[in-house]
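*Asks:* Encoded as structure tokens, here's the structure I'll be asking about.
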Amino acid sequence: MEATIEVTGLRKRFGQVTALDGMSFTVTPGRVTGLVGPGGAGKSTAMRVILGLDVPDEGRALVGGRPYRALRRPLCHVGALLDAGALQPGRTGRDHLLWLARSHGLPARRADEVIERAGLGAKARRRAGRYSPAVRQRLGLAAALIGDPPVLLLDEPFTGLDAGGVAWLRGLLRELAGEGRAVLVSSPLMSELEDTAGHVIVVGRGAVVADAAVAELVEAASRGRVALRTPAREEAMTALAHAGATVAVTGPDTLTVAGLAAERVTALLGRRKVPFSGVAAHRATLEEAYMELTRQAAQPGAGS
Amino acid sequence: MTAATTPYRSRVSGGRDGFAQALRAEWTKFRSVRGWVVTVAGAGALLVLVVLLTAGTNVATCGRGDVEEPCPGPVLGPGGRAVEDRFYFVHQPLDGDGVITVRVTSMSGRIRRPDPVGLVPGVMPWAKAGLMIKESAEQGAPYAAVMVTGAHGVRMQHGFTEDVAGRPGGVSAAAPRWLRLARSGDTVTGYESADGRQWTTVGTARLEGLPRTVRIGLFAASPGDLTVGHGALAGNTEERFTEVTAVMDQVGVRGAGTGGAWKQDDIGVSYEPDGTPHHAGGLSRSGGTFTVTGVGEIGPRLEGMTAQNTLTGTTPALVVVIVIGALFVTSEYRRGLIRTTLTAMPRPGRVLLAKATVIGGVVFAAGLAGAAAAVPAGLRLLRDNGNVILPVGALTEARLIAGTAALLALSAVLALGLGALLRRGVAAVIAALALVVLPYALATASVLPDTASAWLLRLTPAAAFAVQQGLPEYPQVTHYYSAAGGFYPLPPWAGVAVLGGYAALAVGLAAYRMRRGDA
């Protein structure tokens with residue numbers, strides 16, 4: 001089976017609320033794809049539609065070319081973590097994995113293998129009701145991996161993890177993608193995916209706002225901006241603004257200039273005798289790129 | 001764009017995802033929650049516990065005057081069945097084959113009405129008089145008889161439960177009825193005739209192992225007059241004295257051993273403390289005319305306790321298994337676990353069928369174990385407390401035990417279906433209780449008219465309680481056949497089928513809803 005997710009023109013309304021408004025994207029194998037957007041943007045609904053849990057009003061979602069409900073042995077095609085808290089409190093983590101294994105005729109050994117991979121250890125034999133949020137996330141990942149699937153759908157897997165857990169999960173996601181799997185990870189925070197995702201799909205109001213490689217996004221957000229270091233911030237701002245540039249204060253002695261090339265900035269400041277100690281092309285963070293995109297999406301008629 | 005990598009292939013192989021796997025998954029879910037396992041086992045234990053706790057309150061004592069004594073056991077008839085065997089018998093010995101013929105010219109009687117009316121003339125519809133061949137004059141001895149009844153025409157009866165109708169109509173001096181009873185080996189045949197020349201067969205009875213020497217003669221019996229209370233006395237019954245007097249002539253007996261003196265016995269009569277018989281029958285002869293007066297009934301005994309009375313724990317156990325049945329699915333909705341279930345097993349119908357099989361199976365097993373222990377333990381305790389126990393036979397006892405397990409199991413499945421349909425534990429439990437327990441409680445509490453109770457027990461899932469009926473209904477035996485008394489309108493397994501239909505409907509609707517909508 002081709003390890004891809006294809007989502008085409010999904011529309012879904014819950015009463016008056018439009019959850020999905022023509023969402024389309026493709027997830028390809030071998031990399032971590034981030035699905036990013038604010039709460040209510042449609043990330044979780046899209047994932048539920050892909051898994052056949054919610055029925056879209058329009059459009060379709062295919063995994064490896066087939067609707068999820070038509071898959072034989074679905075856990076061996078797609079592993080999902082939707083809600084790590086969805087556990088029966090009286091059941092141990094291992095028994096949770098065991099019933100999942102049994103549903104596909106897999107041996108109990110498989111449960112122990114994923115316990116190992118998710119780093120659950122002896123906690124797997126305790127009742128799930130006593131798990132910390134971090135342990136629940138690890139159990140959810142173990143459950144997603146039970147069928148050793150080529151496609152993974154993880155809804156906000158970083159939630160509840162401490163710094164160590166976040167680092168561990170980033171490593172695991174890169175490793176899983178490196179094995180050739182398609183890994184779709186949703187998050188409300190772009191920063192969580194900064195070093196992990198090779199590709200991001202930014203969604204807002206039920207539709208895709210941007211769908212690009214991380215490098216391209218950063219490039220687009222950085223284009224035409226100049227970072228300037230100067231002890232005379234006020235004078236520099238006045239001079240540049242008079243020349244028609246947009247200037248933003250980014251620190252006590254740093255400014256970001258948009259609308260003027262670097263050579264024109266240095267020439268202008270030299271003429272006006274404004275001191276400065278450095279001019280460089282500005283490199284935006286992924287977070288900035290995201291903020292930019294979601295701001296555009298929030299304005300009617302604007303888009304990317 | 002990142003360069004495309006070789007797509008990953010799952011290295012987990014050899015698995016399948018059919019119904020057997022779904023069943024195994026749901027079984028793993030059930031057994032891995034200790035609270036559920038303990039609760040289902042507890043439902044089975046409740047069956048035993050409740051009867052042990054409540055049977056102790058059923059203490060019966062009998063007395064003669066002021067002296068208390070153990071109650072006598074029931075009279076046992078052929079096959080160990082408890083029987084009523086009380087009538088007036090005028091008889092002779094018969095060795096081997098023989099025939100007796102008689103002409104009945106009149107039937108009259110008396111019925112006691114509530115004070116201050118007292119005794120009034122009248123014949124009970126099932127008062128009977130005629131001819132009988134009986135193994136001995138002992139109570140419970142096998143017999144066959146042909147008779148005229150008060151309102152049900154000529155009948156041929158034998159073995160205390162069997163009844164065949166002959167020609168309808170009563171008797172009078174102007175229109176007498178001839179009866180004939182003939183023995184050939186262990187076969188007894190009854191005939192009737194309007195004129196003593198043209199005979200019609202009424203019925204034939206085979207009395208297995210009938211000895212060579214038996215008793216042959218005339219008999220009369222009249223069952224008590226049953227009134228059922230209304231209003232505040234609803235469900236209470238009162239039985240008042242009646243007797244029948246039949247005039248019979250043209251008596252002819254043929255066969256070895258006959259022809260001697262007539263012997264008369266008031267079979268099964270009880271005695272007052274002073275030694276006089278209580279409501280005695282009697283015989284007066286005038287030449288060839290026999291006037292026989294009899295009191296009592298010849299038939300199955302229906303007053304008393306049976307294995308049915310040991311299943312009092314069914315209702316509490318039912319409440320427990322309904323809660324578990326609903327929880328088995330609503331707990332998944334409550335915690336969002338249903339989404340994990342449906343990603344692992346995307347066919348809702350298959351999931352629900354697997355869940356129903358698991359919960360039905362475990363509840364059936366617990367119910368079977370509980371009922372199998374409750375029946376013998378309860379019967380022993382009731383008997384030790386002096387209660388009259390009417391044996392129902394091993395097959396019926398097995399049906400009561402297996403049927404109670406089925407009633408519990410199907411109710412749990414119904415609750416499961418309602419749980420999947422309503423997705424709320426409390427709502428599902430209330431709905432299941434309203435469908436199963438409430439109609440049963442209403443129908444058996446003597447608060448509704450009998451016809452309303454009967455309809456509840458036909459149309460609602462509570463119909464399945466019919467499987468617990470210990471004794472059958474007999475049209476020829478006067479008895480208050482009410483739900484409160486343990487008699488149900490549907491045959492045992494038909495009642496279970498009604499409940500099964502409701503359970504299947506609930507599960508089917510839930511599967512339909514799950515397939516159509518969002519999880």
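Yeah, the Cβs are placed from backbone N, Cα and C, and that goes for glycine too.
Found this in TrEMBL, in case it helps:
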type	residues	note
TRANSMEM	B:33-55	transmembrane segment
TRANSMEM	B:311-331	transmembrane segment
TRANSMEM	B:352-379	transmembrane segment
TRANSMEM	B:399-422	transmembrane segment
TRANSMEM	B:429-448	transmembrane segment
TRANSMEM	B:493-512	transmembrane segment
*Asks:* What parts of the chain pack near the transmembrane segment (B:399-422), using Cβ distances under 8 Å and only residues at least 6 beyond its ends?
*Replies:* 43, 47, 307-308, 311, 314, 317-318, 321-330, 333, 352, 355-356, 359-361, 363-368, 370-372, 375, 392, 428-429, 431-432, 435-436, 461, 464-465, 467-468, 470, 492-493, 496, 499-500, 502-503, 505-511, 513-514
*Asks:* Compare B:311-331, B:352-379, B:429-448 by their Cβ pairs under 8 Å to the transmembrane segment (B:493-512) and return the stretch that comes out on top.
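*Replies:* If we count Cβ pairs closer than 8 Å to the transmembrane segment (B:493-512), B:352-379 scores highest.
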*Asks:* At a C-beta cut-off of under 8 Å, are there same-chain residues at least 6 beyond the transmembrane segment (B:429-448) that contact it? List them, or none.
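*Replies:* Answer is 234-235, 315, 318-319, 322-323, 325-326, 411, 414-415, 418, 422, 454, 456-457, 460-462, 464-465, 482-484, 499, 502.
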*Asks:* What same-chain residues lie close to the transmembrane segment (B:352-379): Cβ under 8 Å, and 6 or more beyond its ends?
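*Replies:* Residues 19, 22-23, 25-27, 29-30, 40-41, 43-48, 50-52, 55, 307, 309-313, 317, 321, 324-325, 328-329, 345, 389, 397, 400-402, 404-410, 412-413, 416-417, 420, 503, 507, 510-511, 514.
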